[in-house]
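Written out below as structure tokens is the structure these notes cover.
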Amino acid sequence: MAWIGDTRSRHLLYLIMIKTYPYLLDPLPYAYDALEPVIDKETMTIHHDKHHQAYVDNLNKALAENEPLQVKTLTELFFSELPVVKNNAGGVWNHDFFWEELTTPGIGHIGESLMKELEKSFETVDEFMKIFEATALGRFGSGWGWLVQNKDGVLEVLSTANQDNPMVDGFKPLLAIDVWEHAYYLKYKNKRADYVKAFWEVINWDKVEQRLG
Ligand SMILES: [Fe+2]
């Protein structure tokens with residue numbers, strides 16, 4: 001019955017791409033404790049219900065009196081010259097994308113097509129993981145680590161500050177790791193490296209593969 005999951009995933013991605021003001025916070029696609037013990041229930045609850053909700057609320061507030069921007073999609077708002085709009089649009093989109101790619105620990109595995117692409121771009125999956133971990137760890141302050149596809153179809157790893165999104169620079173996001181402290185501090189405290197290493201356990205690789213162009 002894999003096609004049901006595939007269809008739902010494409011539908012969700014489509015909805016992220018086309019929604020406009022006023023924005024609503026979508027529920028998590030699984031229970032708050034579904035990622036235990038890698039990401040604990042309390043972190044997920046605060047991260048989704050407080051932080052993600054705040055990006056939605058702050059974006060709606062900023063757009064309430066800016067009619068021309070109300071018809072723009074989130075990805076169009078990434079290019080806004082107003083920091084409050086750009087930052088909160090990124091916060092809404094990035095978290096929608098992040099929740100969707102996660103799953104119960106230990107059940108995800110890299111499919112054949114994605115494996116081929118990873119090996120083509122990084123030679124080995126181990127090398128990709130090494131670069132991804134170093135990039136996520138190397139992001140100074142708050143931000144995100146990303147696996148992206150460039151315009152030539154080659155996979156790359158990069159990081160962005162704050163709520164910036166690689167689409168602004170023409171990359172297609174495939175996998176994101178939130179390295180803001182709010183994503184891990186309750187459980188991992190100052191040990192971002194432990195969070196980044198554990199993160200591999202909760203990736204839904206089928207979702208990542210579906211994002212390939
Ligand atoms: Fe976050």
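In case you wondered, yes, glycine gets a Cβ from its N, Cα and C as well.
Taken straight from TrEMBL:
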- 23-102: domain 'Manganese/iron superoxide dismutase N-terminal' (DOMAIN)
- H47, H95, D178, H182: Mn(2+) binding site (BINDING)
- 113-211: domain 'Manganese/iron superoxide dismutase C-terminal' (DOMAIN)
Review point. Within 8 Å of the Cβ centroid of the Mn(2+) site residues H47, H95, D178, H182, which other residues of the same chain have their Cβ?
Key: H48, H51, H52, F98, W180, A183
Check your understanding: Just counting, how many other CB atoms are there within 10 A of the CB of H95 (Mn(2+) binding site)?
Key -> 23
Check your understanding: On the 0 to 100 scale, where does the mean pLDDT of the domain 'Manganese/iron superoxide dismutase N-terminal' (23-102) fall?
Key -> 97
Practice item. Sort the residues of the domain 'Manganese/iron superoxide dismutase C-terminal' (113-211) into helix, strand and coil with DSSP and give the three counts. Key: 52 helix, 22 strand, 25 coil
Point to revise | Local Cβ density at H47 (Mn(2+) binding site) - other Cβ atoms counted within 10 Å | key: 23
